[in-house]
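Enquirer: Before I ask anything, here is the structure I am working with.
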């Protein structure tokens, strides 16, 4: 099986698995075939893990996974640095070498621009790893309580954080990895070993954009250098000998296989970074969508529960209206003996009105996104956090 077919097969399987594992648990796919496939893959993997590995090895793997994925540690930070340095070194040693060898007209741009983007990405990476995501402590919790109103469902007034021992401000969450509450909590990022919250969300967006630019530009430069190699060696006009000893004109499949055999690191860099760029762009667009709508990953993940409770409130309100209509039909007031019943009816109507008002307020509070203030204001809130303006 040749290189082009294998690469296409591997990439297709990788994209499908990534989509299934990433989006299979969403509300859109959870009850469909994608959700079932995700549960099947996870269940099958667990069964194989528990039945195919020796108990000693299984315990070691479980301990390693527990340390890597469920404790705050620099493992993924080191892994990220190694991957970036390995990829950039391959670009410098292989791609730029052939660009200089074949006198690429844009060689200065190939040399300087990726280095500038890498420096920006490294600065943002360090700022995220060492900076404050918006940690809430007892001395500033009162001021954080004033930043956002409670929506009555995800964020309830007087709800206490059992670990930090204070009232939880709206849109905050206690991070189990970092062991503190974070203002406008989005998620905990393993790659920077830190929470993404209200104070560093803008840095996280810049980090993602710079990483997309770095991977995308290196992929583009590698592609241009590969084309330069093909043109300089006139590979499209070359011939190859098939298994029967007959000369054949060059085709795309043979050309890709030849380039991979002659320049394996460069072609591997091109394929892997091209795929990674697509995934990173999708992830970045996802976070830009959250920014435009002023919603966090934590809130979006809890959206189905919010919608379910909102539907329950609507059903309760509808049942209340039906009960009132039935009560009006069953009670007729006549004559002088109707005065006690009239008072009872007025009292019931007043209670009904108060409950309707309560449900109307709850319905208003249980909208999907009560913190949406308009796209411009939402972006402004991320770029210039509320706590920077008010604390």
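Placement of Cβ uses the backbone N, Cα and C atoms for every residue, glycine included.
Remember, TrEMBL labels are computer predictions, not curated facts.
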Enquirer: Which range is it, out of 54-77, 78-101, 150-173, that shows up in TrEMBL as transmembrane segment?
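Expert: Range annotated as transmembrane segment by TrEMBL: 78-101.
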Enquirer: Match it up for me: which of 175-197, 244-266, 267-289 does TrEMBL list as transmembrane segment?
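Expert: Transmembrane segment, as annotated by TrEMBL, spans 267-289.
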Enquirer: Of 6-24, 25-43, which span is tagged transmembrane segment by TrEMBL?
Expert: 6-24
Enquirer: Mind looking up the mean pLDDT for the domain 'Palmitoyltransferase DHHC' (157-303) in the predicted model?
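Expert: A mean pLDDT of 92 is what the predicted model shows over the domain 'Palmitoyltransferase DHHC' (157-303).
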Enquirer: In the domain 'Palmitoyltransferase DHHC' (157-303), how many residues does DSSP put in helix, strand and coil?
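Expert: Counting residues per DSSP class in the domain 'Palmitoyltransferase DHHC' (157-303), I get 82 helix, 22 strand, 43 coil.
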Enquirer: With pairs 6 or more apart in sequence, are the transmembrane segment (203-223) and the transmembrane segment (78-101) linked by at least 3 Cβ pairs under 8 Å?
Expert: yes
Enquirer: By a Cβ-Cβ criterion of under 8 Å, what residues six or more beyond either terminus of the transmembrane segment (267-289) are in contact with it?
Expert: 7, 11, 14-15, 18, 87, 90-91, 94-95, 204-205, 208-209, 211-212, 215-216, 218-219, 222-223, 226, 256, 259-260
Enquirer: When you scan the chain for residues with a C-beta under 8 Å from the transmembrane segment (78-101), skipping those not six or more beyond its ends, what do you find?
Expert: 107, 110-111, 114, 118, 121, 125, 191, 218, 221-222, 225, 228-229, 263, 265-266, 269, 273
